[in-house]
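K.L.:
The ATP binding site feature in Swiss-Prot is assigned to Lys9, Leu10, Ser11, Gly12, Ser13, Gly46, Arg50, Thr141, Tyr147, Asp150. Taken from Swiss-Prot, the feature UMP binding site applies to Gly45, Asp67, Leu115, His116, Pro117, Gly118, Gln119, Ser120, Thr121.
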Amino acid sequence: MAKKRIVIKLSGSAFGGDDGKVLREYAAFLSGISGSWQPVVVAGGGRVARQYIANARSSGADETTLDEIGIGVSRLNARLLICALGAKAHPYPPATLKEVRHAVDGGLVVIAGGLHPGQSTNGTAALIAEKVGAAQFLNATDVDGVYDRDPNKHSDARMLRKIGLGELRKMLAREDSVAGGYDLMDLVALKVIERSRIRTRILRADVNVLKKAVRGTAAGTELVLPDS
């Protein structure tokens with residue numbers, strides 16, 4: 001019987017360590033679940049991408065160019081994780097949805113970066129989840145889940161165990177859609193999740209938290225889809 005596919009958008013913070021320890025932990029986690037799942041990972045750009053984008057923006061680069069810089073960094077991060085996984089991983093990051101679809105047919109762990117300018121890696125991950133028929137989409141971020149307000153600005157912010165897709169869409173509509181500015185999710189991702197009814201969680205990018213989510217234990221914030 002074919003393994004179920006799970007798409008994990010992995011925050012760029014996983015790739016910023018100096019000694020590679022965190023990266024190896026993620027590689028061990030992905031290798032460990034690959035007996036029962038086929039993981040497809042989308043690497044974020046993280047701090048390095050934001051720094052490069054800020055530098056290029058100060059030099060007058062347009063938004064499309066800034067997006068392309070972010071995509072380039074995310075694909076380098078993907079290559080780092082591929083190196084850590086070795087023979088368990090597809091040997092290079094797919095550059096298009098069609099390439100992703102062909103890559104998963106090989107049965108290995110597939111690691112991608114960004115694909116298209118104007119689209120966050122969250123949107124990319126949702127499109128990939130749709131394309132490969134993923135049973136689950138885990139959006140692993142720098143926070144524990146979705147809060148009722150910005151936890152970085154409000155110490156009394158409350159994390160939500162569940163949030164309706166419509167409510168999250170309203171929250172995101174207030175955010176800027178500029179290169180390097182996406183955090184929890186983007187509107188493209190929500191549209192894809194809704195139309196294909198993809199089971200989705202937003203949670204912290206932490207190996208132990210991801211293990212809980214894969215086992216079916218409550219972790220982070222569950223995205224509640226509207227009735228069909």
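Cβ atoms are placed via backbone N, Cα and C, with glycine included.
Small disclaimer: the values here were computed from a predicted structure and weren't measured.
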K.L.:
If you count the other Cβ atoms within 10 Å of each Cβ, which of the binding-site residues Lys9, Arg50 comes out on top?
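P.N.:
Compared across Lys9, Arg50, the most Cβ atoms within 10 Å surround Lys9.
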K.L.:
How many Å separate the two farthest-apart Cα atoms among the UMP-binding residues Gly45, Asp67, Leu115, His116, Pro117, Gly118, Gln119, Ser120, Thr121?
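P.N.:
Maximum Cα-Cα distance: 14 Å.
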K.L.:
Applying a 10 Å Cβ distance cut-off over all chains shown, what neighbour count does Leu115 (UMP binding site) have?
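P.N.:
The answer is 23 other Cβ atoms.
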K.L.:
Rounded to the nearest angstrom, how far is the Cα of Pro117 (UMP binding site) from the Cα of Arg50 (ATP binding site)?
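P.N.:
Cα-Cα distance, Arg50 (ATP binding site) to Pro117 (UMP binding site): 15 Å.
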K.L.:
Where Gln119 (UMP binding site) and Tyr147 (ATP binding site) are concerned, what is their Cα separation in Å, rounded?
P.N.:
23
K.L.:
For Lys9 (ATP binding site), identify the closest of the binding-site residues Gly45, Leu115, Pro117, Thr121, judging by Cα separation.
P.N.:
Thr121
K.L.:
Once Gly45, Asp67, Leu115, His116, Pro117, Gly118, Gln119, Ser120, Thr121 are set aside, which residues in the chain still have Cβ within 8 Å of the Cβ centroid of the UMP site?
P.N.:
Gly70, Ile71, Gly114, Gly123, Thr124
K.L.:
Spatially speaking, which of the binding-site residues Gly45, Leu115, Pro117, Thr121 is closest to Tyr147 (ATP binding site)? Use C-alpha to C-alpha, please.
P.N.:
Thr121
K.L.:
Tell me the Cβ contacts of Pro117 (UMP binding site) under 8 Å, same chain only and six or more apart in sequence, or just say none.
P.N.:
Glu63, Thr64, Asp67, Glu68, Ile71
